[in-house]
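Here is what Swiss-Prot says about this protein:
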- Asp8, Asp97: Mg(2+) binding site (BINDING)
- 6-128: domain 'PINc' (DOMAIN)
Amino acid sequence: MTTRYLLDKSAAYRAHLPAVRHRLEPLMERGLLARCGITDLEFGVSARSREDHRTLGTYRRDALEYVNTPDTVWVRAWEIQEALTDKGFHRSVKIPDLIIAAVAEHHGIPVMHYDQDFERIAAITRQPVEWVVAPGTA
């Protein structure tokens with residue numbers, strides 16, 4: 001079985017770096033990278049103009065499979081956040097990352113990331129997450 005990943009912006013934004021590009025390009029070529037609603041919004045923030053926003057949207061729609069965000073994801077994100085309070089991490093983990101992790105967990109796919117938040121979440125959920133490259137190298 002081939003693993004498909006939910007691509008977080010923390011990994012995608014580093015695609016200009018050779019090691020990250022080397023990791024992501026084969027996955028993209030094989031259609032193994034996915035997006036969800038919240039990742040689309042995160043990418044939209046980086047647009048410098050309306051035209052750039054449209055270009056980013058078209059690129060993401062063409063390049064990445066879309067996985068939906070069912071209503072149960074919001075409940076699960078709340079549960080994860082609540083569990084993070086026990087470790088004192090509920091304020092340090094970004095809300096979009098909670099949602100992305102819950103979407104990935106719902107669909108049974110790992111998050112491809114470059115963000116410690118997903119490691120903190122996975123310590124609670126035991127879901128698979130993967131650094132796009134080793135931490136500290138990008």
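One is the number of the first residue shown, and numbering goes on along the chain from there.
Placement of Cβ uses the backbone N, Cα and C atoms for every residue, glycine included.
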Residues of the domain 'PINc' (6-128) by DSSP state, where helix covers H, G and I: 76 helix, 10 strand, 37 coil
Reported mean pLDDT - the domain 'PINc' (6-128): 96
